[in-house]
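Below is one structure, written out as structure tokens, with a few remarks after it.
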Amino acid sequence: MSSIGDMSGEIQHKSYWRFSKQDFLPEESFQSWGNYRSALSETCFRFKDRLISLSDDVNEIGELRKQSENEMKRCLTWWDLTWFGFGSVVGAGIFVLTGQEAHEHAGPAIVLSYVASGVSAMLSVFCYTEFAVEVPVAGGSFAYLRIELGDFVAFITAGNILLESIAGSAAVARAWTSYFTNLLNLPSNSLRIHTNLAEGFNLLDPIAVGVLVIAATIAIISTRKTSLINWIATALNTAVILFVIIAGFAHANTSNLKPFLPFGAKGIFQAAAIVYFAYGGFDNIATMAEETKNPSRDIPIGLLGSMSIITVIYCLMALTLSMMQKYTEIDKGAAYSVAFQSVGMNWARYLVALGALKGMTTVLLVGALGQARYTTHIARAHMIPPWFALVHPKTGTPINATLLITISSALIAFFSSLDVLASLLSVSTLFIFMMMAVALLVRRYRVKEITPQTNLLKLVLFLLIIIASSMGTSAYWGLNPNGWVGYAVTIPFWFLGTTGLSMLPQQREPKVWGVPLVPWLPSLSIAINIFLMGSLGAEAFERFGICTVVMLIYYVFFGLHATYDMAHLHRKAQSTEVNNEDMIGRKGP
């Protein structure tokens, strides 16, 4: 048990590259088969304990970081975070999914899809920023949910974060291969290996694997060097995006915007739920708070600044594509390159493809940084083996966590097509962002041992009304998108829940930067995210459900017992410290 016990004392200096059982399974429950059987017999009791257990700011910022044995280097400024914001977001989503969703679901109204998903993303950015400023750790949303909603909710979110990280990197890597093929002027899928496997898994992609490995290697070497490479690549990519917008409007044909709503309003929100992936990645910025020199100043500037500009850019790019080419003729694989070719700018397709490749490369670079830091903090809490929490003493980066995400992403990218990955990814992303808005409301209206029990019960009731009414609105939209009777019931209930919440006294004021118009903006974020989730197809939820079941099985047999042991060891250490202080106090000087 010495490796866990280090958290309450001095960190023992050990070799980074070690692979003993204690590094992977140091908890008491896994020391013998007898211990494990005993732990399983207490599953219900332990689950109840974990369900109601909450972490706190001090534990997440201080004690858990000791599990990494070495500190990450504080080397980032608001300038780095702003460019990381661009680099983490502008990539496969805008260059690939825009064409796919305009062609299949939204038509020229794809610009409205980006407006809808952009509003939802900005609401989530507000929530992330307040948390990241006050809890500047690598865990991001996982740490924030552990503090406000407890271990079990944090675990479900952690599973979705890992799923989002792995599937997201795989999706971008697959898109990288598609644009590289287009840049070389080769037939679609010609660089992939064709097999007889099931549709969606039959095109093997070794290039995607290679790109993931290169991005991970750069991220492992140095956070600061990765920031420099990202800055240069993103600056070049931004120049290409400006070219796309300016040249695209110069060759615009407004007749291509008719009909503007070929698939109706339903198509707009179906596409919005998918292109939300294009905004994904900004949460990686929150995970870099631990490496930021001045989190309270740098994070709000980096997150809010970059995402505001990106939302405007996305809408302009979507409008450009719709005006250059009829939606029925848009190429689903390399939309912008083919669109420029269709207006006679054959040379521009290569510039666009090169810019897209640069954008997707930076997404993979920043993703390799952020995803590894999520994984590091999840391992610090022992929800996965703590070996993945270790930070290398020389590079100051979590090499083991980076390898876990990269190897997993590479395996999926090798087999799975982009459309299979995108829908699954959107469900996970929207679920996480919805939970973040809930956590923000809980943080404002509940403080442990201070909030009156009556107010706590009212808080729970109003949150349930907000969530249930949002789900009702989403369900009614899916069943009867042209109706109105259901909305006459669900929307007033949403207003009722949010108004009731606004009448409760807030128990906590943000220290530096806070979400404005609480509870209205977080409540709206919950409603929009649930609505967009409901706009996805049943297949996406089937995959999401299967993944969730797998997570729960893992939790019952491993995560629950590891985190239970970790929490109770920490309590014993605190109790021992208190007793020692009492003894010293009795002895006197």
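Every residue, even glycine, has its Cβ placed from backbone N, Cα and C.
What TrEMBL annotates here:
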type: TRANSMEM; residues: 75-97; note: transmembrane segment
type: TRANSMEM; residues: 152-176; note: transmembrane segment
type: TRANSMEM; residues: 203-221; note: transmembrane segment
type: TRANSMEM; residues: 228-251; note: transmembrane segment
type: TRANSMEM; residues: 263-282; note: transmembrane segment
type: TRANSMEM; residues: 347-370; note: transmembrane segment
type: TRANSMEM; residues: 399-418; note: transmembrane segment
type: TRANSMEM; residues: 424-443; note: transmembrane segment
type: TRANSMEM; residues: 455-478; note: transmembrane segment
type: TRANSMEM; residues: 484-505; note: transmembrane segment
type: DOMAIN; residues: 513-562; note: domain 'Cationic amino acid transporter C-terminal'
type: TRANSMEM; residues: 517-537; note: transmembrane segment
type: TRANSMEM; residues: 543-564; note: transmembrane segment
Practice task
Tell me, please, if the transmembrane segment (228-251) and the transmembrane segment (347-370) are in contact, taking contact as 3+ Cβ pairs under 8 Å between residues separated by 6 or more positions?
Solution key: yes
Problem - Remote residues contacting the transmembrane segment (203-221) - C-beta distance under 8 A, at least 6 residues beyond either end - result: 169-170, 173-174, 176-177, 180, 189, 191-195, 229, 361, 364-365, 367-369, 372, 395, 397, 399, 402-403, 405-406, 409-410, 413-415, 417
Exercise for the section: For the transmembrane segment (263-282), name the stretch out of 152-176, 347-370, 399-418, 424-443 with the most CB-CB pairs under 8 Å. Expected result: 424-443
Exercise for the section: State the residues, same chain only, that lie 6 or more residues beyond the ends of the transmembrane segment (424-443) and have a CB under 8 A from a CB inside it; answer 'none' if no residue qualifies. Expected result: 120-121, 123-124, 127-128, 130-131, 141, 144-145, 147-149, 153, 157, 160-161, 163-164, 167-168, 171, 273-274, 276-277, 280, 283, 459, 463, 467, 501, 508, 515, 518-519, 522-523, 525-526, 529-530, 532-533, 536, 540-541, 543-544, 547
Fill in the blank from the handout: Taking DSSP helix as H, G and I and strand as E and B, the domain 'Cationic amino acid transporter C-terminal' (513-562) has 40 helix, 0 strand, 10 coil
